[in-house]
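*Asks:* Among the features that TrEMBL reports, active site, charge relay system is placed at Asp154, His186, Ser344. Marked as domain 'Inhibitor I9' by TrEMBL: 28-102. Taken from TrEMBL, the feature domain 'Peptidase S8/S53' applies to 152-380. Feature annotation from TrEMBL assigns signal peptide to 1-19.
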Amino acid sequence: MATLQHALLFLASISPVISVPAENAPSKYIISLKSDATTDIESHLSWVTDVHRRSLSRRDTAGVERTFSIGSNFNAYTGEFDSETIAQIKENLNVAFVEVDVEQLVTTALVTQTDAPWGIASLSTPSLPNGNILGQKYVYDESAGGGTWAYVLDTGIFVNNTEFEGRAIKGYNAWPEDTFDDKYGHGSHVAGTIGSKTYGVAKKTTIVDVKVVRGTDGYSTIAKVLEGLDWIVKNITNTPGRAEKSVVSVSLAYAKSDVLNAGFEAAYAAGVLSVVGAANDNEDASTKSPASEPSVITVGAVDWQKTRAEWSNFGPLVDIFAPGVEIVSLWNKDDFPTTLSGTSMSTPHVSGLVLYLRGKESLLTPDDARDRLLALAQKGVVVNEGVGSPNFLAYHGAGA
Ligand SMILES: *[C@@H]1O[C@H](CO)[C@@H](O)[C@H](O)[C@H]1NC(C)=O
Ligand SMILES: *[C@@H]1O[C@H](CO)[C@@H](O)[C@H](O)[C@H]1NC(C)=O
């Protein structure tokens, strides 16, 4: 019986999440006593000190460093011990847990923004008190998508906007005959929702401008989108560690195109995740590309009361809904907050959300990121989601 307990205790004391290379054997530990320990902490510590002193391999280890007690029956201590001493501590019947104590990245500090647009606010709380388009409360982890990359396929971005704080950079212009600026405003609005200081979901991400739409009229071709996507996939896959920290955000919709879909499928196969608008025709998303490509995350739009926008596409190819009605964000000049509606606006909410999650957690593959996004989503709350749509609403819940 005693042997069995020892065996269980030993298993419980090895943390499965921390793996330390053998040649680098850990020496810092945190140890807790059982709540029904048959000795007091002082007697236990004097026993530990004794064992440590007698250990032949104790050379460079300090022994007990500090003790803790919380409430009436939680006692613990930290210390630096050699393997011989720690083996004896693990055998001690009064010891509950022995864990290696290493520095870990823990990001739990929350930041609250009180002048937020309703869309980003709704990602952090289960329901909003009113439909004010600004002045809402957005709560987010302070990591805020730091270390992540948003590749925005659009009309260009006014990267000089102070709202981007220098985090928006020029990537590639598929229309060299047109200057590499946002003459329209659409791309700047999208990028603003992903990562600007006031309107953005992931306020520390880096935004890469990939201009595939020309001029002031929103004109482009499938070839130009594929050219931009090709540049993005090369840029990502030629940079070690970039894919798992990136998203391609695509607020563009073309008539169904097998070629365009195949291009996005190839990006996915290379480990590159794309988030795509379902488009605004109040019909099944199978009629549009790249919305109809199964490997991308396809996004429909809701209003602040979680009702699908009357124009949002729907159906089984949609993965998730997000805010897309009366969204305030940036335009192609400074100090010009602009309110727009569309799946162009719901898409960057999800792009920003995926970057927020990828900044905070290890979500290595496109499927890892999608699974996490869908696991966190609010389920069954979207009103009139449309025939065949999954009833999922984008959410991280940091302010719940
Ligand atoms: C952005 O700033 C750069 C550097 O100051 C400048 O060369 C460029 O013309 C600016 N672009 C726009 C669109 O204002
Ligand atoms: C990716 O694009 C950025 C921005 O244009 C550039 O600075 C960087 O060198 C590119 N990286 C690779 C590996 O091509």
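Glycine too: its Cβ is placed from the backbone N, Cα and C atoms.
Curation does not apply to TrEMBL; its annotations are automatic.
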*Asks:* What are the sequence-distant neighbours of Ser344 (active site, charge relay system), meaning same chain, six or more residues apart, C-beta distance under 8 angstroms?
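*Replies:* Within the chain, Ser344 (active site, charge relay system) has Cβ neighbours under 8 Å at His186, His189, Val190, Ser251, Leu252, Gly277, Gly324.
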*Asks:* In sequence order, what residues of the same chain, 6+ apart, have a Cβ less than 8 Å from the Cβ of Asp154 (active site, charge relay system)?
*Replies:* Asp182, His186, Gly187, Val190, Ala191, Asp209, Val210, Lys211, Val212, Val213, Ser249, Ser251, Leu252
*Asks:* Suppose we draw a 10 Å sphere around the Cβ of His186 (active site, charge relay system). How many other Cβ atoms does it contain, all chains included?
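*Replies:* A 10 Å sphere around the Cβ of His186 (active site, charge relay system) contains 25 other Cβ atoms.
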*Asks:* Going by DSSP, is Ser344 (active site, charge relay system) sitting in a helix, a strand, or coil?
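*Replies:* Once the DSSP labels are grouped into three classes, Ser344 (active site, charge relay system) ends up as helix.
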*Asks:* Quick one: mean pLDDT on the domain 'Inhibitor I9' (28-102)?
*Replies:* 85
